[in-house]
Amino acid sequence: MRIAEALAFSKRLEDISDSPRLDTEIFLCHALEKPSSYLMTWPEKELTSAQIERFTACLQRRQNGEPVAYILGTQAFWTLDLEVTTDTLIPRADTEVLVEVALNLFPENTPLRIADLGTGTGAIALALASERPAWEVWGCDRIDAAVDLAKRNQARLGLPDVNFVQGSWLAPLGGRFDMIVSNPPYIDQHDEHLKQGDVRFEPLSALVAAENGLSDIMHIINTAPDYLLKGGWLLFEHGYQQAAAVRKLFCDSGYEQVNTYQDYAGNDRVSLGCWNRL
Ligand code: GLN
């Protein structure tokens, strides 16, 4: 099989993927251990039998609906290349907005103490630590396997120390923080979105929350005042139709400077509030 022939297998992914050609190129690069420019430069190159085997195994898994990130075991987020497993959500580009907002809340050189709740792969905590090496960053997750994964990601990226700990939301943390961030589960269990595409392979515990998807956000808003310094910020990623509800929860609990930011598609995606009391 030549490279040009292998690329034609993208037809098989047309029913399952929004990007069949790209997925096929990614699998081929993975099988060949070459960059994508190689595929365009050497279309006549013959694959070895080991390369064909690796390529078709990836293609078959994708045909069965598995997300590309789980097949490759990695996902790009921010400037980082993260290991991912089915124990956690696959980091999304939309979540980079949360990282951007968090980085812009304080002057660059202020040493801060911050926490990422439900850290999963460690994506948000590690992105922040990579940009602000002087920050004391904590990441927690209820799932042991996620904490192990986040620690592996930190080690493989050689990033400054992040304290990854096991426990539910704020429970494993002590002391007060300048900023608490979270991409918690926020989808309603009956949402049609859960029945389609990549999301079907992700852990429901990372996606679904009670009370129209707001129960975990509500819990964190209520408990965070015991963990925030005066003037500390709480930031969430949430569903694109949840901004008004999340802002109301913030305001009703006494947070100030409550605001919402949009993701790269222009949807409301991140809301935040400042705790100005002690
Ligand atoms: N934005 C993700 C999705 O729509 C969900 C992420 C989450 O629940 N935290 O699939």
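All residue numbers here begin at 1 and follow the chain in the order shown.
Placement of Cβ uses the backbone N, Cα and C atoms for every residue, glycine included.
Of the residues proposed, N104, N183, N212, the one TrEMBL records at the same S-adenosyl-L-methionine site as G118, T119, G120, T121, G122, D141, W169 is N183. A Cβ within 8 Å of the Cβ centre of N183, P184, P185, Y186, the residues given for substrate, is found for these other residues of the same chain: G118, S182, I187, A206, L207, A209, G213, D216, I217, F236, E237, H238. Contact annotation for binding-site residues (G118, N183, Y186) versus ligand 1: N183, Y186, each with CB under 6 Å from a ligand atom. Taken together, the residues in the domain 'Release factor glutamine methyltransferase N-terminal' (9-73) have a mean pLDDT of 97 on the 0 to 100 scale. Comparing CA positions across the binding-site residues G118, D141, W169, the one lying closest to P185 (substrate binding site) turns out to be G118.
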